[in-house]
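Listed in TrEMBL for this protein:
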BINDING   Lys70, Lys94, Ser350  substrate binding site
ACT_SITE  Lys106  active site, proton donor
SITE      Asp146  site 'Important for catalysis'
BINDING   Thr190, Asn221  NAD(+) binding site
Amino acid sequence: MTENLNPFAIAQAQLDKAAAFLELDPDMHAFLREPLREFHFSIPVRMDDGHTQTFKAFRVQYNDARGPAKGGIRFHPDETIDTVRALSAWMTWKTAVADVPLGGGKGGVICNPRAMSAGELERLSRGYMRAVSRFIGLKQDVPAPDVNTNPQIMAWMLDEYEVLTGKHEPGVITGKPMILGGSAGRGPATAMGGMVTIREAAKLLDLPLKGATCAIQGYGNVGSFAHRLAHDLLGLKVVAVSDEFGAIYSENGLDPTVVSAHLRRAGKVGGVEGSETITNSQLLELPVDILIPAAIENQLTSANADRIQARIVAELANGPTTPDADQILTQKGIYIIPDFLCNAGGVTVSYFEMVQNTYGFYWSEELVQERLDQKMTTAFHAVHQMAVERGVETRVAAYLVAVTRVAEAVRARGWV
Ligand code: GLU
């Protein structure tokens with residue numbers, strides 16, 4: 001039987017499994033299986049050649065019982081309402097497991113940003129904000145960057161929002177450039193949080209990190225910082241990295257400075273001097289200590305899971321592992337750091353950014369990092385302790401922690 005790769009079906013199946021362990025009240029379970037609100041937009045954009053192209057776009061506010069909905073906006077040609085629904089559900093569990101007072105949401109635009117000029121991207125970003133502006137706000141729903149969006153896009157969106165409202169409100173969006181109220185340390189935050197979880201997992205497994213081997217799939221904001229930090233902070237030997245065009249391997253390890261200089265010149269990681277070209281699937285199946293999927297969903301599936309050789313899979317991407325693959329990896333004794341725990345560093349520093357914007361008083365990068373480390377370490381051990389107490393795998397344990405917190409807030413509000 002072929003696997004169902006619909007991300008929302010996967011997110012619901014993961015919740016169902018946790019609900020069974022929790023013996024969750026069926027009414028609560030039914031409520032938590034669905035998003036609270038979703039918005040569908042058509043955004044007309046004047047393209048450089050003068051014609052108007054209409055883009056389909058979404059914003060889903062999955063759950064806001066614990067605080068304003070929170071989550072990024074993706075620009076992707078394969079975006080669908082179901083990917084956005086799944087990602088918004090995972091944001092709900094992520095803010096809960098990280099214990100920041102926020103709910104979960106996500107946005108997406110069906111577009112191919114690689115084929116668009118800077119001017120077209122600016123007009124699309126401003127158009128998205130015009131469409132979504134009446135539904136978001138510091139106390140309602142706070143967007144952020146995600147796949148193919150970045151601080152510049154957040155800056156255009158913030159500006160459009162402030163032009164519409166006539167007021168400065170930097171906390172309406174996070175991941176902004178620092179000059180507009182962004183937080184120190186927000187750029188590397190997702191990767192940094194992931195390193196904390198790898199450090200804690202390695203302690204549990206008695207795996208010495210210095211010189212341990214690592215492969216990283218994806219070289220966007222998360223993957224490129226993961227390479228830098230894995231190398232500089234944890235002393236890992238990163239033997240393979242990839243981007244959407246292909247993967248490279250070097251037995252002696254790849255230097256992040258060399259790879260990023262090459263990427264700036266060549267527009268891809270392929271071709272770094274002294275490296276061998278391999279395929280993305282070969283990268284995933286390398287005999288490394290730590291595998292870091294840092295690209296998009298559905299990368300580890302029933303088709304390749306039994307060939308994965310890593311000891312730790314640290315999921316910096318959202319949804320990289322399907323339920324069938326999950327089962328196979330668990331049977332093989334691979335330690336999974338599940339996505340909404342492993343990559344919670346980004347939204348944690350986004351929360352710090354909102355706090356700083358509210359106070360109008362800004363923290364040093366050292367302070368951000370110290371507080372991020374505390375939050376991630378606490379979250380990791382809450383999940384680990386749950387896994388031990390209940391005898392379940394780490395992903396189920398993360399769900400048990402998160403769903404309990406969200407359900408408690410839903411119950412306290414009297415919604416169910
Ligand atoms: N897009 C990031 C994520 O998936 C960050 C979200 C945020 O900062 O709101 O966690």
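Even glycines carry a Cβ here, placed using N, Cα and C.
Bear in mind that TrEMBL entries carry predicted annotations, made automatically and left uncurated.
Known features from TrEMBL, placed on the structure.
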residue : record                         : DSSP class
Lys70   : substrate binding site         : strand
Lys94   : substrate binding site         : helix
Lys106  : active site, proton donor      : strand
Asp146  : site 'Important for catalysis' : coil
Thr190  : NAD(+) binding site            : helix
Asn221  : NAD(+) binding site            : helix
Ser350  : substrate binding site         : helix
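The maximum pairwise C-alpha distance among Lys70, Lys94, Ser350, the residues recorded as binding substrate, is 12 Å. When the recorded positions Lys70, Lys94, Asp146, Ser350 are ranked by how far their Cα is from the Cα of Asn221 (NAD(+) binding site), Asp146 comes first. Distance noted between the C-alpha atoms of Thr190 (NAD(+) binding site) and the residue listed as 'active site, proton donor' is 16 Å. Only Lys70, Asp146, in sequence order, out of the recorded positions Lys70, Lys106, Asp146, Asn221 have a CB under 6 Å from ligand 1. A gap of 12 Å separates the Cα atoms of Lys94 (substrate binding site) and Lys106 (active site, proton donor).
When the alpha carbons of Ser350 (substrate binding site) and Lys106 (active site, proton donor) are compared, the span between them is 14 angstrom.
For the pair Lys70 (substrate binding site) and Asp146 (site 'Important for catalysis'), the C-alpha distance works out to 12 angstrom.
Sequence-distant contacts (6 or more apart, same chain, Cβ under 8 Å) of Lys106 (active site, proton donor) comprise Arg59, Val60, Tyr62, Gly71, Gly72, Ile73, Arg74, Val84, Arg85, Leu87, Ser88, Met91, Asp146. For the binding-site residues given as Thr190, Asn221, Ser350, the lowest number of other CB atoms within 10 Å of the residue's CB is seen at Asn221.
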